[in-house]
Amino acid sequence: MSVIVKVIGREIMDSRGNPTVEADVHLADGSWGRAAAPSGASTGTREALELRDGDKSRYLGKGVLKAVGFINNEIATALAGQNALEQSTVDQVMLDLDGTENKEKLGANAILAVSLATAKAAAQSKKVELYEHIADLNGTPGVYSMPLPMMNIINGGEHADNSVDIQEFMIQPIGAKNFREALRMGAEIFHSLAKVLKADGHSTAVGDEGGFAPNLASNEAALAAIKVAVANAGYELGKDITLALDCAASEFYDKEANIYNLKGEGKKFTSEEFNFFLQDLTQQYPIVSIEDGLDESDWDGFAHQTKLMGDKIQLVGDDLFVTNTKILKRGIDNGIANSILIKFNQIGSLTETLAAIKMAKDAGFTVVISHRSGETEDSTIADLAVGTAAGQIKTGSLSRSDRVAKYNQLLRIEEQLGDKAPYNGLKEVKGQ
(Lines of atoms letter the chains of each structure in order from A and count residues from 1; the text may use other names and numbers.)
(Lines give C-alpha, C1' and ligand atoms only; values in the text may rest on other atoms or scores of the structure.)
Protein backbone atom coordinates (compact mmCIF):
# COMPACT_ATOMS: atom_id res chain seq x y z
CA MET A 1 0.00 0.00 0.00
CA SER A 2 1.35 3.39 -0.99
CA VAL A 3 -0.67 5.35 1.57
CA ILE A 4 1.13 7.76 3.87
CA VAL A 5 1.33 6.55 7.47
CA LYS A 6 3.93 8.89 8.98
CA VAL A 7 5.43 12.29 8.21
CA ILE A 8 8.43 13.56 10.19
CA GLY A 9 9.99 17.02 10.02
CA ARG A 10 13.33 18.10 11.45
CA GLU A 11 15.70 21.05 11.48
CA ILE A 12 19.01 20.39 9.71
CA MET A 13 21.87 22.60 8.47
CA ASP A 14 22.41 23.98 4.98
CA SER A 15 25.68 24.76 3.22
CA ARG A 16 25.86 28.27 4.69
CA GLY A 17 25.51 27.09 8.27
CA ASN A 18 21.86 28.12 8.49
CA PRO A 19 19.00 25.84 9.53
CA THR A 20 16.68 24.39 6.92
CA VAL A 21 13.80 21.92 6.84
CA GLU A 22 14.09 18.19 6.18
CA ALA A 23 11.13 15.82 5.94
CA ASP A 24 10.67 12.04 5.93
CA VAL A 25 7.52 10.48 4.49
CA HIS A 26 6.77 6.82 5.35
CA LEU A 27 4.26 4.61 3.53
CA ALA A 28 2.26 1.58 4.66
CA ASP A 29 4.32 -0.79 2.49
CA GLY A 30 7.56 0.25 4.23
CA SER A 31 8.70 2.60 1.47
CA TRP A 32 9.93 6.01 2.53
CA GLY A 33 11.51 9.18 1.19
CA ARG A 34 13.59 12.03 2.58
CA ALA A 35 14.08 15.53 1.19
CA ALA A 36 15.41 18.91 2.32
CA ALA A 37 14.42 22.43 1.29
CA PRO A 38 17.17 24.71 -0.08
CA SER A 39 17.43 28.46 0.59
CA GLY A 40 18.37 31.44 -1.57
CA ALA A 41 20.48 34.56 -0.92
CA SER A 42 19.44 36.77 -3.84
CA THR A 43 15.72 36.11 -3.68
CA GLY A 44 12.89 37.42 -5.81
CA THR A 45 10.35 39.48 -3.88
CA ARG A 46 7.51 37.38 -5.31
CA GLU A 47 8.88 34.04 -4.11
CA ALA A 48 6.79 31.82 -1.86
CA LEU A 49 7.53 32.50 1.81
CA GLU A 50 10.37 30.67 3.53
CA LEU A 51 9.17 30.43 7.13
CA ARG A 52 11.80 31.38 9.74
CA ASP A 53 11.30 31.55 13.51
CA GLY A 54 12.58 35.08 14.03
CA ASP A 55 13.92 34.18 17.49
CA LYS A 56 17.15 36.19 17.64
CA SER A 57 18.41 34.13 20.58
CA ARG A 58 18.58 31.06 18.36
CA TYR A 59 20.46 30.78 15.03
CA LEU A 60 20.28 34.59 14.73
CA GLY A 61 16.55 34.34 14.12
CA LYS A 62 16.91 31.86 11.24
CA GLY A 63 15.63 28.75 13.02
CA VAL A 64 12.89 26.72 11.32
CA LEU A 65 11.21 25.06 14.30
CA LYS A 66 7.85 26.62 13.40
CA ALA A 67 7.97 25.03 9.95
CA VAL A 68 9.10 21.72 11.44
CA GLY A 69 6.25 21.92 13.95
CA PHE A 70 3.74 22.35 11.13
CA ILE A 71 5.12 19.24 9.42
CA ASN A 72 4.97 17.13 12.57
CA ASN A 73 1.45 18.22 13.46
CA GLU A 74 -0.91 19.84 10.93
CA ILE A 75 0.69 18.42 7.76
CA ALA A 76 1.25 14.94 9.22
CA THR A 77 -2.39 14.75 10.30
CA ALA A 78 -3.73 16.04 6.98
CA LEU A 79 -1.66 13.62 4.90
CA ALA A 80 -2.32 10.47 6.93
CA GLY A 81 -4.02 7.96 4.63
CA GLN A 82 -3.29 9.90 1.43
CA ASN A 83 -1.91 7.95 -1.54
CA ALA A 84 1.70 9.03 -2.19
CA LEU A 85 1.33 8.06 -5.85
CA GLU A 86 -1.19 10.89 -6.23
CA GLN A 87 1.35 13.70 -5.99
CA SER A 88 -1.00 16.46 -7.12
CA THR A 89 -3.56 15.46 -4.49
CA VAL A 90 -0.95 15.36 -1.72
CA ASP A 91 0.33 18.79 -2.72
CA GLN A 92 -3.18 20.21 -2.97
CA VAL A 93 -4.01 19.00 0.54
CA MET A 94 -1.03 21.00 1.83
CA LEU A 95 -1.90 24.06 -0.26
CA ASP A 96 -5.47 23.99 1.03
CA LEU A 97 -4.21 23.57 4.58
CA ASP A 98 -2.01 26.63 4.14
CA GLY A 99 -4.69 28.64 2.36
CA THR A 100 -2.50 31.59 1.36
CA GLU A 101 -1.20 32.78 -2.00
CA ASN A 102 2.48 32.65 -1.01
CA LYS A 103 2.41 29.82 1.58
CA GLU A 104 3.00 32.24 4.44
CA LYS A 105 1.10 30.14 6.99
CA LEU A 106 2.94 26.81 6.81
CA GLY A 107 5.99 28.00 4.88
CA ALA A 108 7.12 26.95 1.40
CA ASN A 109 10.12 25.26 3.04
CA ALA A 110 7.82 22.96 5.04
CA ILE A 111 5.50 22.17 2.13
CA LEU A 112 8.34 21.59 -0.36
CA ALA A 113 10.31 19.22 1.87
CA VAL A 114 7.21 17.05 2.36
CA SER A 115 6.25 17.29 -1.32
CA LEU A 116 9.65 16.04 -2.49
CA ALA A 117 9.89 13.38 0.22
CA THR A 118 6.49 12.10 -0.92
CA ALA A 119 7.74 11.76 -4.50
CA LYS A 120 10.79 9.82 -3.29
CA ALA A 121 8.63 7.51 -1.18
CA ALA A 122 6.31 6.93 -4.14
CA ALA A 123 9.24 6.08 -6.43
CA GLN A 124 10.50 3.55 -3.90
CA SER A 125 7.00 2.08 -3.58
CA LYS A 126 6.83 1.69 -7.39
CA LYS A 127 10.37 0.24 -7.34
CA VAL A 128 11.57 2.80 -9.87
CA GLU A 129 14.19 5.55 -9.84
CA LEU A 130 13.10 9.04 -8.83
CA TYR A 131 13.69 10.46 -12.32
CA GLU A 132 11.45 7.74 -13.75
CA HIS A 133 8.65 8.61 -11.33
CA ILE A 134 9.06 12.32 -12.10
CA ALA A 135 8.76 11.59 -15.84
CA ASP A 136 5.51 9.75 -15.10
CA LEU A 137 4.19 12.68 -13.03
CA ASN A 138 5.25 15.02 -15.83
CA GLY A 139 3.15 13.10 -18.35
CA THR A 140 6.28 12.19 -20.32
CA PRO A 141 7.03 8.59 -19.29
CA GLY A 142 10.35 7.29 -20.58
CA VAL A 143 11.42 10.65 -22.04
CA TYR A 144 14.80 11.69 -20.61
CA SER A 145 17.82 13.81 -21.41
CA MET A 146 21.06 14.66 -19.65
CA PRO A 147 21.28 18.39 -18.94
CA LEU A 148 23.90 20.79 -20.23
CA PRO A 149 25.58 22.05 -17.03
CA MET A 150 26.03 25.78 -16.46
CA MET A 151 29.02 25.76 -14.11
CA ASN A 152 29.43 28.83 -11.93
CA ILE A 153 33.21 29.11 -11.70
CA ILE A 154 33.45 32.79 -10.70
CA ASN A 155 31.02 33.99 -8.02
CA GLY A 156 30.17 37.63 -7.37
CA GLY A 157 27.23 39.69 -6.13
CA GLU A 158 25.30 38.26 -3.19
CA HIS A 159 27.13 34.92 -3.47
CA ALA A 160 30.58 36.27 -2.58
CA ASP A 161 32.32 38.90 -0.51
CA ASN A 162 34.19 40.57 -3.35
CA SER A 163 34.12 43.54 -5.75
CA VAL A 164 32.40 41.77 -8.67
CA ASP A 165 28.77 42.85 -9.15
CA ILE A 166 27.52 40.25 -11.64
CA GLN A 167 26.61 37.23 -9.56
CA GLU A 168 27.62 34.26 -11.70
CA PHE A 169 30.07 33.68 -14.53
CA MET A 170 29.42 30.22 -15.93
CA ILE A 171 30.91 27.83 -18.45
CA GLN A 172 28.93 25.36 -20.56
CA PRO A 173 30.79 22.34 -21.99
CA ILE A 174 28.95 22.26 -25.33
CA GLY A 175 31.65 20.21 -27.06
CA ALA A 176 31.22 17.17 -24.82
CA LYS A 177 29.76 13.94 -26.21
CA ASN A 178 28.05 13.04 -22.93
CA PHE A 179 27.50 14.39 -19.43
CA ARG A 180 30.46 12.52 -17.99
CA GLU A 181 32.79 14.23 -20.45
CA ALA A 182 31.13 17.60 -19.83
CA LEU A 183 31.83 17.28 -16.12
CA ARG A 184 35.47 16.41 -16.77
CA MET A 185 35.91 19.41 -19.06
CA GLY A 186 34.38 21.69 -16.44
CA ALA A 187 36.61 20.32 -13.69
CA GLU A 188 39.74 20.78 -15.79
CA ILE A 189 38.83 24.40 -16.53
CA PHE A 190 38.01 25.01 -12.85
CA HIS A 191 41.52 23.89 -11.84
CA SER A 192 43.04 25.83 -14.72
CA LEU A 193 41.25 28.97 -13.53
CA ALA A 194 42.70 28.51 -10.04
CA LYS A 195 46.20 28.68 -11.54
CA VAL A 196 45.32 31.74 -13.64
CA LEU A 197 43.96 33.62 -10.63
CA LYS A 198 46.90 32.65 -8.41
CA ALA A 199 49.39 33.76 -11.06
CA ASP A 200 47.69 37.17 -11.15
CA GLY A 201 47.86 37.47 -7.37
CA HIS A 202 44.16 36.86 -6.73
CA SER A 203 42.53 34.85 -3.98
CA THR A 204 41.22 31.39 -4.81
CA ALA A 205 38.76 31.34 -1.92
CA VAL A 206 35.36 30.11 -3.07
CA GLY A 207 31.87 31.59 -2.74
CA ASP A 208 28.58 30.01 -1.73
CA GLU A 209 28.29 28.00 -4.93
CA GLY A 210 31.87 26.73 -5.07
CA GLY A 211 33.23 29.14 -7.65
CA PHE A 212 36.18 31.42 -7.05
CA ALA A 213 35.48 34.86 -5.60
CA PRO A 214 38.42 37.10 -6.57
CA ASN A 215 38.51 40.88 -6.27
CA LEU A 216 38.73 41.89 -9.92
CA ALA A 217 38.86 45.34 -11.50
CA SER A 218 35.71 44.76 -13.53
CA ASN A 219 33.09 42.23 -14.51
CA GLU A 220 34.77 41.95 -17.91
CA ALA A 221 37.98 40.94 -16.11
CA ALA A 222 36.18 37.82 -14.87
CA LEU A 223 35.37 36.85 -18.46
CA ALA A 224 38.96 37.53 -19.51
CA ALA A 225 40.30 35.26 -16.76
CA ILE A 226 37.93 32.47 -17.79
CA LYS A 227 39.02 32.87 -21.42
CA VAL A 228 42.65 32.28 -20.44
CA ALA A 229 41.70 29.33 -18.21
CA VAL A 230 39.75 27.66 -21.02
CA ALA A 231 42.69 27.99 -23.42
CA ASN A 232 45.20 26.78 -20.82
CA ALA A 233 43.04 23.70 -20.22
CA GLY A 234 43.30 22.87 -23.92
CA TYR A 235 39.81 23.91 -25.00
CA GLU A 236 38.51 26.45 -27.50
CA LEU A 237 36.09 29.11 -26.35
CA GLY A 238 33.05 29.18 -28.60
CA LYS A 239 33.64 25.68 -29.93
CA ASP A 240 34.13 23.48 -26.87
CA ILE A 241 32.92 25.93 -24.23
CA THR A 242 30.35 28.72 -24.20
CA LEU A 243 29.70 31.25 -21.45
CA ALA A 244 26.63 32.25 -19.46
CA LEU A 245 25.91 35.06 -16.99
CA ASP A 246 23.55 35.44 -14.08
CA CYS A 247 23.49 39.18 -13.48
CA ALA A 248 21.01 39.04 -10.57
CA ALA A 249 20.53 42.69 -11.52
CA SER A 250 17.88 43.31 -8.86
CA GLU A 251 20.74 43.23 -6.34
CA PHE A 252 22.53 46.25 -7.88
CA TYR A 253 19.48 48.13 -9.10
CA ASP A 254 18.87 51.43 -7.30
CA LYS A 255 15.07 51.75 -7.27
CA GLU A 256 15.03 55.37 -6.10
CA ALA A 257 17.45 56.58 -8.76
CA ASN A 258 16.20 54.07 -11.35
CA ILE A 259 19.75 53.08 -12.29
CA TYR A 260 21.89 49.95 -12.40
CA ASN A 261 24.94 50.64 -10.25
CA LEU A 262 28.01 48.47 -10.83
CA LYS A 263 29.81 49.68 -7.72
CA GLY A 264 32.80 47.39 -8.25
CA GLU A 265 33.82 49.26 -11.38
CA GLY A 266 32.15 52.60 -10.66
CA LYS A 267 29.67 52.54 -13.55
CA LYS A 268 25.99 53.50 -13.62
CA PHE A 269 23.48 52.66 -16.33
CA THR A 270 19.88 53.28 -17.26
CA SER A 271 17.88 50.19 -18.15
CA GLU A 272 18.48 50.65 -21.87
CA GLU A 273 22.18 51.42 -21.37
CA PHE A 274 22.65 48.26 -19.32
CA ASN A 275 21.05 46.21 -22.09
CA PHE A 276 23.58 47.63 -24.54
CA PHE A 277 26.38 46.96 -22.02
CA LEU A 278 25.33 43.30 -21.92
CA GLN A 279 24.97 43.14 -25.69
CA ASP A 280 28.52 44.46 -26.01
CA LEU A 281 29.80 41.67 -23.74
CA THR A 282 28.05 39.07 -25.92
CA GLN A 283 29.85 40.48 -28.95
CA GLN A 284 33.24 40.24 -27.22
CA TYR A 285 32.75 36.77 -25.73
CA PRO A 286 30.68 33.69 -26.70
CA ILE A 287 28.00 34.39 -24.07
CA VAL A 288 24.90 32.44 -25.08
CA SER A 289 22.74 32.87 -21.96
CA ILE A 290 21.96 35.83 -19.67
CA GLU A 291 19.83 35.39 -16.56
CA ASP A 292 18.06 38.23 -14.76
CA GLY A 293 19.78 40.87 -16.86
CA LEU A 294 17.55 43.56 -15.30
CA ASP A 295 15.60 44.17 -12.10
CA GLU A 296 12.65 41.81 -11.55
CA SER A 297 10.17 44.70 -11.86
CA ASP A 298 11.72 46.29 -14.97
CA TRP A 299 9.28 44.75 -17.45
CA ASP A 300 9.72 47.53 -20.01
CA GLY A 301 13.47 47.03 -19.84
CA PHE A 302 13.08 43.28 -20.31
CA ALA A 303 10.87 43.89 -23.35
CA HIS A 304 13.67 46.02 -24.84
CA GLN A 305 16.27 43.40 -23.90
CA THR A 306 14.24 40.63 -25.54
CA LYS A 307 13.84 42.64 -28.76
CA LEU A 308 17.55 43.50 -28.70
CA MET A 309 18.99 40.04 -28.06
CA GLY A 310 16.18 37.48 -27.77
CA ASP A 311 16.69 35.98 -31.22
CA LYS A 312 20.39 35.25 -30.56
CA ILE A 313 20.75 34.87 -26.78
CA GLN A 314 18.94 32.81 -24.16
CA LEU A 315 17.34 35.30 -21.75
CA VAL A 316 16.47 33.50 -18.53
CA GLY A 317 13.94 34.73 -15.99
CA ASP A 318 14.71 33.81 -12.38
CA ASP A 319 13.69 36.61 -9.99
CA LEU A 320 11.59 37.75 -12.95
CA PHE A 321 9.34 34.65 -13.00
CA VAL A 322 10.06 32.92 -9.63
CA THR A 323 8.83 29.53 -10.99
CA ASN A 324 5.30 30.95 -10.88
CA THR A 325 2.89 30.13 -13.72
CA LYS A 326 0.86 33.33 -13.27
CA ILE A 327 3.94 35.52 -13.66
CA LEU A 328 5.41 33.31 -16.40
CA LYS A 329 2.17 33.62 -18.40
CA ARG A 330 2.47 37.40 -18.27
CA GLY A 331 6.02 37.10 -19.63
CA ILE A 332 4.95 34.75 -22.41
CA ASP A 333 2.00 36.96 -23.39
CA ASN A 334 4.15 40.11 -23.47
CA GLY A 335 7.24 38.74 -25.22
CA ILE A 336 9.44 38.97 -22.13
CA ALA A 337 12.52 36.68 -22.05
CA ASN A 338 12.62 33.25 -23.70
CA SER A 339 13.67 30.90 -20.91
CA ILE A 340 12.81 30.20 -17.28
CA LEU A 341 14.93 29.22 -14.32
CA ILE A 342 13.24 26.58 -12.19
CA LYS A 343 13.81 26.63 -8.43
CA PHE A 344 11.20 24.55 -6.70
CA ASN A 345 11.49 26.38 -3.40
CA GLN A 346 10.41 29.60 -5.15
CA ILE A 347 6.95 28.09 -5.62
CA GLY A 348 6.95 25.43 -2.89
CA SER A 349 5.70 22.12 -4.32
CA LEU A 350 6.65 19.56 -6.95
CA THR A 351 3.26 19.76 -8.69
CA GLU A 352 3.49 23.53 -9.16
CA THR A 353 7.09 23.15 -10.34
CA LEU A 354 6.08 20.66 -13.03
CA ALA A 355 3.26 23.01 -14.11
CA ALA A 356 5.77 25.83 -14.63
CA ILE A 357 8.06 23.57 -16.66
CA LYS A 358 5.15 22.47 -18.87
CA MET A 359 3.91 26.01 -19.43
CA ALA A 360 7.40 27.18 -20.40
CA LYS A 361 8.02 24.31 -22.81
CA ASP A 362 4.58 24.66 -24.40
CA ALA A 363 5.39 28.33 -25.11
CA GLY A 364 8.73 27.47 -26.72
CA PHE A 365 10.75 28.65 -23.74
CA THR A 366 13.79 26.68 -22.63
CA VAL A 367 14.06 25.42 -19.06
CA VAL A 368 17.02 25.60 -16.67
CA ILE A 369 16.76 23.59 -13.44
CA SER A 370 18.58 25.31 -10.58
CA HIS A 371 19.98 24.88 -7.10
CA ARG A 372 19.99 27.68 -4.50
CA SER A 373 23.02 29.29 -2.88
CA GLY A 374 22.04 27.62 0.42
CA GLU A 375 22.00 23.90 -0.39
CA THR A 376 22.19 20.49 1.27
CA GLU A 377 23.33 17.06 0.15
CA ASP A 378 19.83 16.53 -1.32
CA SER A 379 20.23 15.84 -5.06
CA THR A 380 16.57 15.88 -6.16
CA ILE A 381 17.20 18.56 -8.80
CA ALA A 382 19.40 16.10 -10.72
CA ASP A 383 16.46 13.71 -11.06
CA LEU A 384 14.13 16.62 -11.85
CA ALA A 385 16.39 17.74 -14.72
CA VAL A 386 16.55 14.27 -16.27
CA GLY A 387 12.95 13.27 -15.54
CA THR A 388 11.52 16.38 -17.22
CA ALA A 389 14.14 16.38 -20.01
CA ALA A 390 14.69 20.01 -19.04
CA GLY A 391 17.93 20.24 -20.99
CA GLN A 392 19.98 22.51 -18.71
CA ILE A 393 21.02 22.60 -15.07
CA LYS A 394 22.69 25.12 -12.77
CA THR A 395 24.19 23.54 -9.70
CA GLY A 396 27.34 25.47 -8.99
CA SER A 397 31.02 24.91 -9.49
CA LEU A 398 33.27 21.89 -9.17
CA SER A 399 33.86 22.19 -5.44
CA ARG A 400 31.79 21.93 -2.25
CA SER A 401 30.01 18.66 -1.62
CA ASP A 402 26.60 20.37 -1.65
CA ARG A 403 27.21 21.21 -5.33
CA VAL A 404 29.09 18.09 -6.40
CA ALA A 405 26.35 15.86 -4.91
CA LYS A 406 24.10 16.87 -7.81
CA TYR A 407 26.79 16.23 -10.43
CA ASN A 408 27.54 12.83 -8.93
CA GLN A 409 23.86 11.89 -9.05
CA LEU A 410 23.76 12.89 -12.71
CA LEU A 411 26.75 10.62 -13.37
CA ARG A 412 24.88 7.71 -11.78
CA ILE A 413 21.74 8.46 -13.78
CA GLU A 414 23.67 8.63 -17.06
CA GLU A 415 25.27 5.28 -16.24
CA GLN A 416 21.81 3.77 -15.71
CA LEU A 417 20.10 5.28 -18.74
CA GLY A 418 22.88 5.28 -21.33
CA ASP A 419 21.53 6.17 -24.78
CA LYS A 420 18.00 6.65 -23.41
CA ALA A 421 19.13 10.02 -22.03
CA PRO A 422 21.00 11.94 -24.76
CA TYR A 423 23.30 14.86 -23.99
CA ASN A 424 22.34 17.54 -26.52
CA GLY A 425 24.78 20.30 -25.56
CA LEU A 426 24.25 23.66 -27.23
CA LYS A 427 21.02 22.51 -28.93
CA GLU A 428 19.30 22.93 -25.53
CA VAL A 429 20.08 26.68 -25.40
CA LYS A 430 17.52 29.12 -26.81
CA GLY A 431 18.75 31.04 -29.84
CA GLN A 432 21.56 28.61 -30.64
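A Cβ is built for glycine as well, from the same backbone N, Cα and C atoms used for every other residue.
Same-site candidate for Mg(2+) binding, as annotated by Swiss-Prot with E291, D318, chosen from D240, D246, D378, D383: D246. Same-site candidate for (2R)-2-phosphoglycerate binding, as annotated by Swiss-Prot with K343, R372, S373, K394, chosen from Q124, Q167, Q279: Q167.
Around D318 (Mg(2+) binding site), the same-chain residues six or more apart in sequence whose CB sits under 8 Å from its CB are G44, D246, A248, E291, D292, L341, K343, S370, listed in sequence order.
Taking the binding-site residues Q167, S373 in turn, the residue surrounded by the fewest other Cβ atoms inside 10 Å of its Cβ turns out to be S373. For K394 ((2R)-2-phosphoglycerate binding site), the same-chain residues lying six or more positions away in sequence with a CB closer than 8 A to its CB are P149, M150, N152, E168, M170, D246, L341, V368, I369, S370, H371. Among the binding-site residues listed here, namely Q167, R372, S373, S373 has its C-alpha nearest to that of E209 (active site, proton donor).
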